[in-house]
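Participant: Structure provided below as structure tokens; questions to follow.
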Amino acid sequence: MRVFTLAPLALLPLVLARPSQRSSSPQKPIMADNGDLVMIPEGHEKSNLDEIIASSELLSLHRSLSEIESISNNEGSVGDFLVEYLERHGFTVQKQAVPLDGHEVDEEERKPSRFNVYAYPASSPSPEIILTSHIDTVPPYIPYSLSLPPTASTGSSSIDRRAIHISGRGTVDAKASVACQIIATLSHLESNPDTPLGLLFVVSEETGGQGMHHFSNSPLNTSPPTFHTVIFGEPTESKLVSGHKGMLHFDVHVRGKPAHSGYPWLGRSAVSEILPILSKVDSLGDIPESEGGLPSSEKYGKTTLNIGVMEGGVATNVVPASASARVAVRLAGGTVTHAKETILAAVRSASKNPEDVHVSFSAGGAYPPVDLDSDVEGFDVMTVNYGTDVPNWDIHDHDLPDHGKVKRYLYGPGSIFVAHGENEGLSVGDMEDAVEGYARLIRAAVGRSERK
């Protein structure tokens, strides 16, 4: 294992550039002022913001990751960067080829176009604690940029460096988690080199979780588990997540009979048939379960539905011969089977011509609410409504007693509210706080290792 000297975790937030040796330069050096305040000469804001990022191992790693476009199916370049970075810092790295979404594995291809990255210190080939996140992003690519909110200025020549805002696609979801997990791991290993830590960075989380499914079905997912803790990274506002809603997708297809719109009684309108069905479906989260609605729970609230896509008809002067809709369900309780039965019953009750209506559920990706561990002190705790890769990793601990089951934590910097938007971004302070949060989770997991 190569020796790597990393600034102690406590020093990571404030690794500032050294003063320039060129006394003739009109630009004053960046200087620490009262902890997180930094002197910025007027007119040099951009260059000095860049310098602050470059002077921090955490922030420069995050910038390098975010500057590489890695929209789902195009994660190869960011994977190559991670492999080189982790090997340079003493990790043994395995690349796990993952076929592109909708494609088969090309066995003849020597270099996979994309791959999961699985890494561990040479001294610990069987990690007991694994930190994981994803390296793909949603489209479109938005370049990395830095800005200084007006509230960050504390005077004519100083700013609060923690308030520096970092923007761009993936800066939050989830390259912030990736960078913070790596730095927290390196910092822990610097003083505890024998800790059995591992890192797993997967592709395709945003498009169905093929990367995590691929890892889950591989020999690396040991049975029974050789690991006892998994720390998942997603934007959680640096709060510990005690669980998230389940997920179910389905399509409604309606067949009609075309006719001239001047004589609609000669046909059957598929649109007129699907509208009351969708109205009924859309209300299932607000109907009590005892009256045919979908379940709610104290922990997750109501089940919610989103009719995301509707299609029907070909022209205004033609009675529509077909109509369809695609619906996403965020389950707050119950089982997937029960939810499907409830949806089918609602569709039947709202159909005038049930024989013309067909409901199809997505073959994969359906799961009930996911409960997670939140037993580490020092965190605010919340639930979230979005889906993650957690259910895509089938951990083989189902037959183990409760005290032997794998702990699963979900934590990370940034907010889901901006994660897929044009305003995706977070602050330097968010990043630095998350490194300490991951470090705290690692320390708690190490305590379990020592009690084994």
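One-based numbering along the chain as shown.
Placed from the backbone N, Cα and C atoms, the Cβ positions cover glycine too.
What Swiss-Prot shows for this protein is this:
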SIGNAL    1-17  signal peptide
BINDING   Asp173  Zn(2+) 2 binding site
BINDING   Asp173, Glu206  Zn(2+) 1 binding site
ACT_SITE  Glu205  active site, proton acceptor
Participant: Taking the recorded positions one at a time (Asp173, Glu205, Glu206), which has its Cβ surrounded by the most other Cβ atoms within 10 Å?
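Facilitator: The residue with the densest Cβ neighbourhood is Asp173.
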Participant: Would you kindly give the Cα-Cα distance separating Glu206 (Zn(2+) 1 binding site) and the residue listed as 'Zn(2+) 2 binding site', rounded to the nearest Å?
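Facilitator: Spelling it out, the Cα of the residue listed as 'Zn(2+) 2 binding site' and the Cα of Glu206 (Zn(2+) 1 binding site) are 10 Å apart.
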Participant: Could you find out if DSSP has the residue listed as 'Zn(2+) 2 binding site' as helix, strand or coil?
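Facilitator: Coil, per DSSP.
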